[in-house]
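According to Swiss-Prot, the active site, proton donor annotation covers 318. The feature Mn(2+) 1 binding site is assigned by Swiss-Prot to 256, 258, 285. Taken from Swiss-Prot, the feature Mn(2+) 2 binding site applies to 285, 317, 369, 465. Sequence annotations record features per position, and here Swiss-Prot assigns Ca(2+) 1 binding site to 642, 644, 646, 648, 653 based on experimental evidence. Annotation source Swiss-Prot lists Ca(2+) 2 binding site at 682, 684, 686, 693, citing experimental evidence. Swiss-Prot lists 21-58 with the feature compositional bias 'Low complexity'. Summarising the annotation, Swiss-Prot assigns domain 'IQ' to 81-103 and lists sequence analysis as the type of evidence. According to Swiss-Prot, the domain 'EF-hand 2' annotation covers 629-664, on the basis of sequence analysis. Annotated domain 'EF-hand 3' per Swiss-Prot: 669-704, in sequence order. As annotated by Swiss-Prot, region 'Disordered' applies to 1-82. According to Swiss-Prot, the region 'Catalytic' annotation covers 205-518.
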């Protein structure tokens, strides 16, 4: 779908409101029923005509009357048989629908479990970094950091051991702005992408969008220009934005986009460009996971520059450099901008820290990315110096505090407020408790939502942060609304995207759903589900393969008779103990394991998929599987050390990262084996390891079946 200059006008015909679609479906169903009833009436009336004509010929004799009535009587419909057939068809349909729904839920559970397990790993890794930073600070006080700084990782971490940029550090900020100035970058003559000039206007933004549609890359000079201009606007805004719909009489809220540029185009095409009478709120997580994160970011920031009173951006948990290292945004920048990605990355860290953290609509609706906790207070959010939190994953350090106790108390309270509003999730249970599934933030129940809304005089809490199958979902007695705008989030056809429009003085919600895919209309629900299910099972098998050795040991312990098989129930208990993914393993067993002919046992010895790294044969299985299991963490470590975004790390950096990974996983890795693996990955033997080659070197292979 296009979203060029002409798409600024709203198109009411494309407003796919949920209520309208439901009414249309009901009307269509009633019309079909009336049509069937008319056919039945016509059939019965024609039968009556035949009966009357045949009876007029039966007055000649009683015998002929009886015989003719039996011969000429048309077969009358049998209501009982018709009803039974209809009931049987309904049962078949409902069973089929129930099976599809069960498969969909199991698939969804796999995707979410793997996603949240990755987020847990990321937060654990950052906790580990925090411990290292603390140790560095202690060593620094003793004057013994020289050895630590020789380590590539220690050198990278030294940047994060310093406090975040503050207004009082004017020279530091000034130098950063000078180093990232667009005037430092020249435009090559061969550049054929979109061009921009200040002041920006909607036609320029429209041309930029059209260029992005055909995969043209915006020149880094223009990227830096947009970031600098957007930074000025965000810096002047309060931590909590407040907007009024008295003029527009409506407001549109969009959830996570995660680099899905096609979804952003659909939103602008269906709903029009932001304007005074068509304001927008984009509720965080603009980047990561999708392949066009920088394009999404440039369009949103450009729209803010054009009309800052018509579009409001809230910060999400992925507007964070540490998250970007793991989930793809830094990799995307390195691929598209090579060496020039370094100043862009440095400036983005600062710009993200200036994004507002929440928005209030007419003192009635509270909009925040993640959610709330029992400690969340708007008055505290208003006063938070948000720019101190370049990463929300750790509390900032302020050297200006008089005592360490005062420093800890003040910063931790502010940090907890920030962490909760960006990482929390609603639950049906009452109360508030730590969000252990994600590893950060809180779970909050309906009572917490009700208390927060009543305390602040709000009617509704709108948040994002969670992928929903339909693109949105109400919870907590319709007082908490989740909106997620990235369609096909896990896989093509996995979910719809949606946005919500609050219209009128009563601000009634109207939902617009969509799916940015050209193929989903041509395939059936069963076919789409099959594709998504296949993708989920493939990822789950890869995850299980990374636990192969641990699983086999556990299976052998439980297999007292050494038969090479286990009952499905025992097998599922073993898998859950080792992986901790909290999945319906009994239902998933036929898809991820080999079963006996009667389907009662899992033949665990026939699991032949093992992890392999590089081409070396002298491998220690425990080391290889540990590296494979934590390959995302290893990639994060590499990108953390790759300060110049060259995409390469030295052998020393590789060995250092693996040793750090061993400390992080509390399973020390032997240097000899790490060196063998490193040599096998260094295909051109230049002493450097390319990150892309490293990730390609991780693979699953089928081992020979032992007889």
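Positions of Cβ are set from backbone N, Cα and C atoms, glycine also.
Same-chain neighbours of the domain 'IQ' (81-103): 525-526, 529, 533, 587, counting only residues six or more beyond its ends whose CB sits under 8 Å from a CB of the stretch.
Residue 465 (Mn(2+) 2 binding site) sits 7 Å from residue 256 (Mn(2+) 1 binding site), taking the CA atoms of both as reference points. Per-residue pLDDT, averaged across the domain 'EF-hand 2' (629-664), gives 66.
Taking CA atoms as the reference points, residue 648 (Ca(2+) 1 binding site) and residue 256 (Mn(2+) 1 binding site) are 31 Å apart. Closest to residue 318 (active site, proton donor) in space, going by CA atoms and restricting to the binding-site residues 256, 258, 285, 369, 653, is 285. With the fewest other C-beta atoms within 10 Å around its C-beta, 648 stands out among the binding-site residues 317, 648. Counting residues of the domain 'IQ' (81-103) by DSSP class, helix then strand then coil, yields 23 helix, 0 strand, 0 coil. Contacts of residue 285 (Mn(2+) 1 binding site) defined by a Cβ separation under 8 A and a same-chain sequence distance of 6+ are given as 255, 256, 257, 258, 316, 317, 318, 319, 369, 464, 465, in order along the sequence. Those same-chain residues not listed among 256, 258, 285 yet with C-beta within 8 angstroms of the centroid of the Mn(2+) 1 site C-beta atoms are 255, 257, 259, 284, 286, 287, 288, 289, 316, 318, 464, 484, 485, 486.
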